[in-house]
Amino acid sequence: MARQPLIAGNWKMNLNHLEAIALVQKIAFSLPEKYFAKVEVAVIPPFTDIRSVQTLIDGDKLLLKHGAQDVSEHESGAYTGEVSGPMLAKLGCSYVVVGHSERREHHAETDEVVNRKVRAVLKHGMSPILCVGEPLEVREAGGHVEHSTTQLINALKGLKTEQIRQVVVAYEPVWAIGTGKVATAADAQEVCAALRTALADKYGKEIADEVRVLYGGSVKSSNIGELIGQNDVDGALVGGASLNGDEFTKLSAMAAGGPLP
């Protein structure tokens, strides 16, 4: 089946709620409506911006989706600083990024923690954007495919086959995040294809063919065309470029198959 490309802008810890409103307006009103039928575009702001973004998208009936950068594995309770799945669902989030390499590195998130967070997202009707990917030393040793597929399968343990349809996978080689280095289109295709094969082996080809696999790591308008032209790359998880309205809009338009008018 044809998979609709997804361009998701991960703002990380950037932009206050006023800056968020300005950026969402710029993206929504710069990208021609016809492109939204060809590519799904989502913004992933910090927690403090989500309500403002939701209000703008809902109030102006914008075609953008929005999501969150993380979720607690817990439903509620004495977990100071945590934000739960039910809270994010009430904020209208379509997506929640789970297992980003920065969470794995700076917050010591294991595959087991990531698995519990994936479950928390799915339980409340949202789609996890599940991040997997290798550090430079693993890439240089030739273990990048095994590393990434192992992370994937571990993060999906215990899920029902039907739940897998709701998962978005993002391959983000750690050495390419925020470094200016980018995996070649062939590099991205190699791992994204391997991830889809791993899904097919575990859950069947029909399910695997429905799951969108994104690439993340120094994605720009100058390389999105070649990346998304690969058979198993279904879009991008965009970092730094998503903070620039003009660049993110151009990137999204190119993913839809056409330049800005």
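Positions of Cβ are set from backbone N, Cα and C atoms, glycine also.
Per Swiss-Prot, these features apply:
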BINDING   ASN10, TRP11, LYS12, GLY178, SER218, GLY239, GLY240  substrate binding site
ACT_SITE  HIS100  active site, electrophile
ACT_SITE  GLU172  active site, proton acceptor
DSSP three-state assignment (helix, strand or coil) for GLU172 (active site, proton acceptor): coil
By Cα-Cα distance, the member of recorded positions LYS12, HIS100, GLY239 nearest GLU172 (active site, proton acceptor): HIS100
Inter-residue C-alpha distance, LYS12 (substrate binding site) and the residue listed as 'active site, electrophile' (nearest angstrom): 10
Listed recorded positions (LYS12, HIS100), ranked by Cβ neighbours within 10 Å, top entry: HIS100
Among ASN10, SER218, which are binding-site residues, the residue with the most C-beta atoms within 10 angstroms of its C-beta: ASN10
Residue among binding-site residues GLY178, GLY239, GLY240 with least C-beta crowding, 10 angstrom cut-off: GLY178
DSSP-derived structure type at GLY240 (substrate binding site), helix or strand or else coil: helix
Nonlocal neighbours by CB distance (under 8 Å) for TRP11 (substrate binding site), same chain, sequence gap 6 or more: ALA20, VAL43, ILE44, PRO45, PRO46, ASP49, GLN69, SER242, LEU243
